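Since the structure comes first, as structure tokens, the remarks are kept for the end.
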Amino acid sequence: MNSLFTSAFSPLAVSLGLLLVMTSAFPTPGPLGEDFKNDTTPSRLLLTTPEKTEALIKHIVDKISAIRKEICEKNDECENSKETLAENKLKLPKMEEKDGCFQSGFNQAICLIKTTAGLLEYQIYLDFLQNEFEGNQETVMELQSSIRTLIQILKEKIAGLITTPATNTDMLEKMQSSNEWVKNAKVIIILRSLENFLQFSLRAIRMK
């Protein structure tokens, strides 16, 4: 009787075993950017590939686009705010020839250092964005979280060659404005500049 029972269920047991192995080997993929949420431990970051880092940057750019779109739905002139850049005196980090991120004179090491330092400088402007943006705060918080994760990944690559700058609360106060149009213009300029900054960094990120 025991022999018959064993022989009858052996194929089922083997099939279940194979199914478990296949499930472990091919996990269900999550949405873009999910791998980077709530996990910035050193061991996790060391396993990050250039492809995953590039995917994270594209995820950040998508969040930037979503915020810009939300603002523009309420303000028809939101994308025509370039002329206010000089007036608002926003000293936003931007790439220059010496930073090694352009095709001409490209230098991966220098570009990674500039990218990391620039993103750290952008933190004060992202704080302004969070304080002034009246739309979906969850999107803004996710943007900030993703950028912090990217900074940690880049710090691993450059082996701590830069330090985190002190928070400039005076600058944050100077950026405040009671004028709704000027406030929205500043937010749009910050988002546009951040997106351009990230696009220039991609060449260094893609290289292994």
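A Cβ is built for glycine as well, from the same backbone N, Cα and C atoms used for every other residue.
Here is what Swiss-Prot says about this protein:
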SIGNAL    1-29  signal peptide
CARBOHYD  ASN38  N-linked glycosylation site
DISULFID  CYS72-CYS78  disulfide bond
MOD_RES   SER81  phosphoserine
DISULFID  CYS101-CYS111  disulfide bond
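Annotated features, which come from Swiss-Prot, shown on the structure.
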| residue | record | DSSP (3 states) |
| --- | --- | --- |
| CYS72 | disulfide bond | helix |
| CYS101 | disulfide bond | coil |
| CYS111 | disulfide bond | helix |
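In this structure the alpha carbons, written CA, of CYS101 (disulfide bond) and CYS72 (disulfide bond) are 30 Å apart.
In this structure, the disulfide-bonded residues under consideration are CYS72, CYS101, CYS111, and the one with the smallest number of other Cβ atoms within 10 Å of its Cβ is CYS72. Rounded to the nearest whole angstrom, the C-alpha distance between CYS72 (disulfide bond) and CYS111 (disulfide bond) is 32.
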